[in-house]
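The structure under discussion appears below in the form of structure tokens.
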Amino acid sequence: PTNTSLLELHLTGIPGLQHLHLWISIPFCIMYLVTLAGNCVLLCVIKADPSLRLPMFLFLSMLAVIDLVMSTSITPKMLAIFWFHSTTISLGACLTQMYFVHAFSAMESGLLVAMAFDRYMAISICNPLRYSTIVTSSRTMQIGLLSLARGVAVMIPLMWLLTSLPYCKSRAIPHSYCEHMAVVELACADPSASDLYSLTVATLLVGADSVFITFSYGMILRSVIRLPSQEARLKTLRTCGSHISIILVFYIGGLLSMYLQMFPFGLGPHVQVLVADFYLTVPPMLNPLIYGMKMKQIQEGISRLLGQLAGLSLHKLM
């Protein structure tokens, strides 16, 4: 018999590919380990090196924290499903996971806009003193708090709509994490209000943020073309190209994940789930590599940190 208060749900993993869960878990485990290592190293280097207490590196620190939270909110449970068939999750834990995933996705989107604008300001303003007076550490923290507030604010109405729905159709969620569209399908009331809200908000957020990012990088390219050195132009273009690539993966993956769940277009359910999984695990893995490890200051900071650790180890041995 069905009831209107399902306290225990079951995540099925990758629908139709349960027999391949062990093999599918390998790339996700590797991506999660790289995500943990890359973002933790980035945070440690920025914290240990006083010369990196600049707005650009504060943004990188915020991005690393967001990536760690977003990836950790889904990957451990996903691996538990793949390895130990631990499919059970309470309704409260499911809604909490959903909140963290979507709220921190909105925060990351806002932070990517801020980082693109920061790069535009740094490149277009040739005078370092003028840049440092415009983009200060306090303003950087304010932007970070604004991104946090935006992510929290857009999720409050959605969570209210979800918690007001009765769930009674089934206990099984055909997904590897509590994705919004997959969870509302269990409701035995009309979920069109939550569907419309999530679709509208996600489209508006991604649309507005994409416009600002496109404008910032367009102005960056305009400034790069005016650089006198061809080597400097090529270096900046390579950096911008890698940034734009990871931004496209994040935004296109997020929109595909949402729209494929609503409009499958005849694709198998495993395609929808895999798109959503990769959208939430690939960018957190690549962000510290693309934004951080390629920067000369971060590389030098890692070398100094390793030197300090080696010196401490040698001192203890002596």
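Each residue, glycine too, has its Cβ placed from N, Cα and C.
What TrEMBL records for 38-291 is domain 'G-protein coupled receptors family 1 profile'. Positions annotated as transmembrane segment by TrEMBL: 20-45, 57-84, 143-162, 196-220, 240-259, 271-291.
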Do any residues, 6 or more residues outside the transmembrane segment (143-162), come within under 8 Å Cβ-to-Cβ of it, and if so which ones?
58-59, 62, 95, 98-99, 102-107, 110-111, 114, 180, 183-184, 193-194, 197-198, 201, 205
Average pLDDT across the domain 'G-protein coupled receptors family 1 profile' (38-291), rounded to a whole number:
87
